[in-house]
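First comes the structure, then the notes that go with it.
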Amino acid sequence: MAAPGWGRWVLGLGPLLLQVFLPFQLVAGRWGPEGAGGGVRRGLAEPSVVAKHEDSLFKDLFQDYERWVRPVEHLNDRIKIKFGLAISQLVDVDEKNQLMTTNVWLKQEWIDVKLRWNPDDYGGIKLIRVPSDSLWTPDIVLFDNADGRFEGASTKTVVRYDGTVTWTPPANYKSSCTIDVTFFPFDLQNCSMKFGSWTYDGSQVDIILEDQDVDKRDFFDNGEWEIVSATGSKGNRTDSCCWYPYITYSFVIKRLPLFYTLFLIIPCIGLSFLTVLVFYLPSNEGEKICLCTSVLVSLTVFLLVIEEIIPSSSKVIPLIGEYLVFTMIFVTLSIMVTVFAINIHHRSSSTHDAMAPWVRKIFLHKLPKLLCMRSHVDRYFSQKEEARSSRGPRSSRNALEAALDSVRYITRHVMKETDVREVVEDWKFIAQVLDRMFLWTFLLVSVVGSLGLFVPVIYKWANIIVPIHIGNENK
């Protein structure tokens, strides 16, 4: 009975022994010279040495480094800053507030004589990355900033063993831009960004333009604006004692007018030509005034929409604004003419005096022929001649007329009604002549006005854009 009990005791002790000795074996196998992980541990020794060299390099470089002092050997030495600009996105152009928002990278490179070392003394390290807050950086800012943020982001710099420091911080700028909306929406804008040192003059820090063209390799297109050209130039501002260098980048941007053409210009032109159709409606239709009033209200709404887009300035009036004002005057005149034509249409001998001879001559004889209308006189001439011919025989029969007074009375009454009806028809025909005359007049004015306003601007816009694109392709 003892043997089986001893066996159960050994079996119960087995798991305990595994829990004690197995971790020890794993640790021994991992860290021992024969373990599987021994090679990995020995492989980490080399990066550790590199890290020690880099730590030693940082300590030697920045132990006595003062980042507020210009890194020059002599006080009169000048630091030359190679400056370049790369644009990643044209975020927005705010015409109302006259601002241009951009995302850019500021490329800056200079020599820091305090950050030089021999790579052989530090394990072959040729460059290090240092936070920009830990070393001297030029205080180059955007002068024409509009939101109070004059500097870029605080990012790391790349320092080479020969002292060359490269710093490319990203920045989001809102720069002031004078917007000229004269040819809106076929407008080109010239917005500039002026960079320079905030405190150093040219004898201490000189700015050198690295590349005349702005780097647009990583540019993300904007849906409303297109950059036609972006070039930089160097300038100097001189005062009584010193000179201050600066770099100015000029961005020539053009608006993509398709959206405004489809949803603003074409509806305005359509409303303008819709006004012409008012004169095609009969004068006895009351919808003529309603149509004119509806067009006028629609133009007012378009004018309010444009007022929200363009800046409030009395110096220039945008092209589309001129066209809307022209169309509103056009519609107002059409309302006045329509009211006059309706008044003419409803005239009669009982409400107005007899028609003047010159009115009858011009509007019943001459204008209908010029307007390719059938003459109103021709329609009633045969009836009048028949009436006159019928009066002759009746007048020659005096005896019969005396006997037939009642018939004569009826005849005179019928003739009077006929004359009254003819007078009414004459006035209605004059109203038709006026409608036809104003139809062609307003159509001609609308076509000439639309072409006169938009064609020269589009032609000029196309002639400016095409040579610039050809020049950019040649580059």
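Numbers here mean position along the shown chain, with the first residue as 1.
Every residue gets a Cβ built from N, Cα and C, even glycine.
The annotation disulfide bond is assigned in Swiss-Prot to CYS177-CYS191 (among others) on the grounds of similarity to another entry. Counting Cβ atoms from all protein chains shown, CYS177 (disulfide bond) has 23 others lying within 10 Å of its own Cβ.
Annotation source Swiss-Prot lists disulfide bond at CYS241-CYS242 (among others), citing similarity to another entry. For CYS242 (disulfide bond), the same-chain residues 6+ apart in sequence whose C-beta sits under 8 angstroms from its C-beta are ASP201, GLY202, SER203. Under DSSP, CYS242 (disulfide bond) is assigned to coil, being neither helix nor strand in the three-state scheme.
DSSP assigns ASN190 (N-linked glycosylation site) to a strand. Per Swiss-Prot, the feature N-linked glycosylation site maps to ASN190 (among others).
A C-beta separation below 8 Å, combined with a sequence spacing of at least six in one chain, links ASN236 (N-linked glycosylation site) to GLY202, TRP243, TYR244, PRO245, TYR246. Summarising the annotation, Swiss-Prot assigns N-linked glycosylation site to ASN236 (among others) and lists sequence analysis as the type of evidence.
For 1-29, the entry in Swiss-Prot reads signal peptide, with the evidence type sequence analysis.
The annotation topological domain 'Extracellular' is assigned in Swiss-Prot to 30-261 (among others).
Sequence annotations record features per position, and here Swiss-Prot assigns topological domain 'Cytoplasmic' to 345-437.
Taken from Swiss-Prot, the feature topological domain 'Extracellular' covers 459-475 (among others), and the record attributes it to similarity to another entry.
According to Swiss-Prot, the transmembrane segment annotation covers 262-282 (among others), on the basis of sequence analysis.
Swiss-Prot lists 289-309 (among others) with the feature transmembrane segment.
Among residues of the same chain six or more beyond the transmembrane segment (324-344), those with a C-beta under 8 A of the stretch's C-beta atoms are 268, 271-272, 275, 278-279, 283, 288-289, 292-293, 295-296, 299-300, 302-303, 306, 317, 427, 430-431, 434-435, 438, 442, 445-446, 449, 453. The annotation transmembrane segment is assigned in Swiss-Prot to 324-344 (among others).
The feature transmembrane segment is assigned by Swiss-Prot to 438-458 (among others), with sequence analysis given as support.
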Just to verify: the residue among CYS191, CYS241 with the fewest other Cβ atoms within 10 Å, which of the disulfide-bonded residues is it?
CYS241
CYS191 (disulfide bond) and CYS241 (disulfide bond), compared by Cα position, are separated in whole Å by 30
Report, as numbers and ranges, every residue of the chain located at least six residues beyond the transmembrane segment (262-282) whose Cβ falls under 8 Å of a Cβ in that stretch; write 'none' if there are none.
185, 288, 291-292, 295, 298-299, 302, 305-306, 320, 323-324, 327, 330-331, 334, 337-338, 341, 435-436, 438-439, 442-443, 446, 449-450, 454
Quick one: pull the CA-CA distance for CYS241 (disulfide bond) versus CYS177 (disulfide bond), whole Å only.
30
Could you list the residues of the same chain, at least six apart in sequence, whose Cβ is under 8 A from the Cβ of ASN190 (N-linked glycosylation site)?
SER250, PHE251, VAL252, ILE253
